[in-house]
Amino acid sequence: MDPKIIIPTWVSPSVGTWRSDPDVGQRVQVEFYVNENTFKERLKLFFIKNQRSSLRIRVFNFSLKLLTCLLYIIRVATDNPGQGASLNFFCVYLFFCFWFAQVIVAIISFLETMLLMYLSYKGNIWEQIFQVSFLLEMINTVPFIITIFWPSIRNIFIPVFLNCWLAKCALENMINDVHRAIQRTNSAMFNQVLILICTLLCLVFTGTCGIQHLERAGKNLSLFNSFYFCIVTFSTVGFGDVTPRIWPSQLLVVIMICVALVVLPLQFEELMYLWMERQKSGGNYSRHRAQTEKHVVLCVSALKIDLLMDFLNEFYAHPRLQDYYVVILCPSEMDLQVRRVLQIPLWSQRVIYLQGSVLKDQDLLRAKMDDAEACFILSSRNEVDRMAADHQTILRAWAVKDFAPNCPLYVQILKPENKFHVKFADHVVCEEEFKYAMLALNCVCPATSTLVTLLVHTSRGREGQQSPEQWQRMYGCCSGNEVYHIRLCDSKFFGEYNGKSFTYASFHAHKKYGVCLIGIKREDNKSILLNPGPRHIMAATDTCYYINITKEENSAFIFNQEERKGRPARGNYDGPSQLPVHSIIASMGTVAMDLQNTSPPDLSGGKLVPPTINGTGGRRPSIAPVQEIADSSSILPCDLLSDQSEDDSVFIDEKGHSPTEYVKGYPPNSPYIGSSPTLCHLLAEKAPFCCLRLDQGCRHNSFEDAKAYGFKNKLIIVSAETAGNGLYNFIVPLRAYYRPRKELNPIVLLLDNPPDNHFLEAICCFPMVYYMAGTIDNLDSLLQCGIIYADNLVVVDKESTMSAEEDYMADAKTIVNVQTMFRLFPSLSIITELTHPSNMRFMQFRAKDCYSLALSKLEKVRQILSNRDKGSNLAFMFRLPFAAGRVFSISMLDTLLYQSFVKDYMILIARLLLGLDTTPGSGYLCAMKVTEEDLWISTYGRLFQKLCSSSAEIPIGIYRTESHIFTTSEVRSQSVDDCEDTKDKGDESRSNDQSDHPLLRKKSMQWARRLSKKSVRWQGASRDSSKDHAQRIAQQRLNLYRRSEREELSELVRNRMRHLGLPTSGYEDLTNLTASDVMNRVNLGYLQDEQNDHQNTLSYVLINPSPDTRLELNDIVSKTPLYITRSASNKESKES
């Protein structure tokens, strides 16, 4: 056979090439073969190497072994043992047909065994001879071949039943070939179970046949009785009704039991090991289930119980996702807490944990990634090296995109500079972008973090409804509001406003249905516009985005009798006394809205009456109606709502320093690729790097502290570990073009490590942005950066403290440092970022605050009720620091990525609200304060009308601060700890219950100071009873103790300021706080028990409250800001 011309059909050539000889000009074809072209190699390829052909050989061999066992059973069934017992051990009677069949099978098996031995020979013949399988083949085949030439021994007994062990080996090899042929690699568990079953069957079959043959010389047991005896013996039951009688059979039983005691435990051990490994790795997600059921894949590097529960609670909060499966693909082993949770029946039936790597195609195949509805890739934010965590996320995203290009990707990234690597993903959430933008807006729009967090969490609005506190019921009900969308032509809420202006549709939809229309999207435009203003005319194909307690599809509409009869109903706001009944019932995802009008309330019953004009009794003019189609001339600026005009672009500070020219433009240097361009207030000329250092003078200026700069507005201080690129997103929202120039706050970056020139190049174009090296745990650094002139201090979570030996201790240093600053600078607004949301309860911790302890107890009850009623999974929702927007954790925004699976617009709307993206014609988020002069508006619904008609602004929520006063019964029901040890316990035990605790005292701090000045006169007053005298002495001692502690802290701060050469005139002690400082602390929710003895203040957010929510006249609501999505066209008209 010439290899140049003929290619064997059983050998596949790997490469065929042509070579030419330039001298001769002859071309010769050369064929290259994968295997050697010899006879032995061809046989080896056919019998061993080739999966399909070798599988056929093994199936044939397995059939032969089963045939021999079957022939043996038939021979035993037809056997008639002779009279000589001694011959029955070695001789049996064989019919000629049985003998002939056994000889044919023996010859074929013998030849096959010798051929395979020849093909697998590797130089050691004795190793192959002494193999158990070879010896069994010789025992069962050679005697039959000998009987061909020696007919007299044809009746000799040959233990053919031992072929069952050869059949077991053939079956194992056959299964291995099957798995190789179908490319199945994860079959170890199946193989081990098969081996165990085959071993048990072979032991039982060998024992049955052996005992039956040996008992031919004794009791002459049948084959069934022998089988019965083996089953009873191996199952350790041992009835004793059937037993072997002669010693050979008894010896065989002993041998079989010993073999079983050795072989079976080894098999079970191997099986349990594989089972445990499979439990760790999680097995597979079957292809049949992937094709018939829907599933999503969650890819994480380390799965924590908090992350898992947040994902599951938010993902399965949507009704249409109840039938989805969640496949978790994680390289680490499942920890004990996660294992316990996944064993709960609620999750065990629809959550599958697979241990594996996303970078391996085999693991992606196990998770059936190509059939998944979506893939969520989350970063490990607790890593010390967050850049390395992003690199791992990027590789995971690339691997999924390479394996399953059509699978939607939802990626969470940590650093903004790594965003462009995963821009191909369908949805991307950059943690540092959202974090810094949210913290920045918290400084100008209080509790923005709480507002956005509640909007992106799924809730039914039933939280807190069992609470006796009115604010918890209101706050919990409004927390159920979320963002939904619907086409205008399909909407009952907005369908009637086709052809009307956006502002008109938003106002009347809120007036009639209580929904807040905040945005729109044209059919031919992919951009979402927040409050495009009255210039936008609604079209039938527009997509409306609105805030409501539930979506319109789950709402039932109940109209009044006038509307049912076809008569137009009276407007809800025809007069200031007529208010809508806005009752919302959230139950099982359905909202029933009562749209009937109410009769005018009795004005004499203590209701708020609009103020009169000049005392004549006439009412003030009503609010102008919202026009259906308004032109720009009808949008007039309002003193209540509009910003002050800024005609000049030159800013001069209070000290009369050199003027600074501001311009509007786009920042020239972006620190990373992918940042959205935002029009900002910029310096006409870039500031030199030396001028950015706050605490050091340079040749351009000699200022070395914040006092010397003479800033007009209060400072905003940001404490961070490094000047990362995400910090750029803190500055941009505070310098956006729509912020009034006269209200820009100076920004001071307090950094542990000095920034590099790349970051300084990015921020040097912004006005009033400075940096300083220092830490918040150093009092000198805080004083040098001007903390006594600051209005807000933002404490950013540090990367180096995100990991700790105990997970929840990562926030320990931050919490203690913030508590120290809170004691040193009580009038300062501190916004803190924590790693773990559960640590919020330690912010501004007061161990003897009865109200905080009562709220903690109510929160535990609320968690039980919310779990039972499937409410919100925000366990910390009613914590005072979170409700007031004083604390924030980026993990709370994980649900933003999860909600994008159902609401693909949520990320874009959140970015527009936070100012991360700007779209031409879209509005922005800002805040306003309602003063005492504006309370004639009376209700939130009328305020909605006032804003829409005057400046085309859409309110979306209220930030309210109020005081809580304990009644006497409430005070006595609380357990109060002793504030200090006293010697006369009998006389002072009652005073500790009534006056020692700050919430239980009967006098204010002003009265307490007068009390201390008149202590001598009081001590000499003999007319007072001894009981009252002891109470006054205890009250005076307590006040002096507290005052000395405050004075000690104040003196500490003053001494450090003198040491640093800073003027102490700017530092105000708590005892010398002005009225404005006290009100500032009240507005921020920080009023301590030193200022008011009866009450604590608390702040909270009301998202889209009902139109009849009244604006109360008191000192707290007078500072209440409202969240507004302001029209961009309105801003442009004002500036023009």
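A Cβ is built for glycine as well, from the same backbone N, Cα and C atoms used for every other residue.
What TrEMBL records for 982-999 is compositional bias 'Basic and acidic residues'.
Annotation comment: TrEMBL describes 293-429 (among others) as domain 'RCK N-terminal'.
Confidence over the domain 'RCK N-terminal' (713-853), given as mean pLDDT on the 0 to 100 scale, stands at 85. The domain 'RCK N-terminal' feature in TrEMBL is assigned to 713-853 (among others).
According to TrEMBL, the region 'Disordered' annotation covers 599-621 (among others).
Sequence annotations record features per position, and here TrEMBL assigns region 'Disordered' to 976-999 (among others).
Per TrEMBL, the feature transmembrane segment maps to 55-74 (among others).
Annotation source TrEMBL lists transmembrane segment at 86-111 (among others).
Per TrEMBL, the feature transmembrane segment maps to 193-211 (among others). Sequence-remote contacts of a segment are chain residues at least 6 beyond its ends whose Cβ falls under 8 Å from one of its Cβ atoms, and for the transmembrane segment (193-211) they are 69, 72, 76, 159, 161-162, 164-165, 168, 171-172, 175, 221, 223, 226-227, 229-231, 233-234, 244, 249, 252-253, 256, 259-260, 263-264, 267-268, 271.
Here TrEMBL flags 223-240 (among others) as transmembrane segment. Below 8 angstroms of C-beta separation, residues 73, 76-77, 200, 203-204, 207-209, 211-212, 215, 253, 256-257, 260 of the same chain, each at least six residues beyond the ends of the transmembrane segment (223-240), sit close to that stretch.
Annotation source TrEMBL lists transmembrane segment at 246-268 (among others). If one looks beyond the transmembrane segment (246-268) by at least 6 residues along the same chain, the residues whose Cβ comes under 8 Å of a Cβ in the stretch are 89, 192, 195-196, 199-200, 203, 206-207, 210-211, 214-215, 217-218, 230, 233-234.
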Count up the helix, strand and coil residues in the domain 'RCK N-terminal' (713-853) according to DSSP, in that order.
60 helix, 28 strand, 53 coil
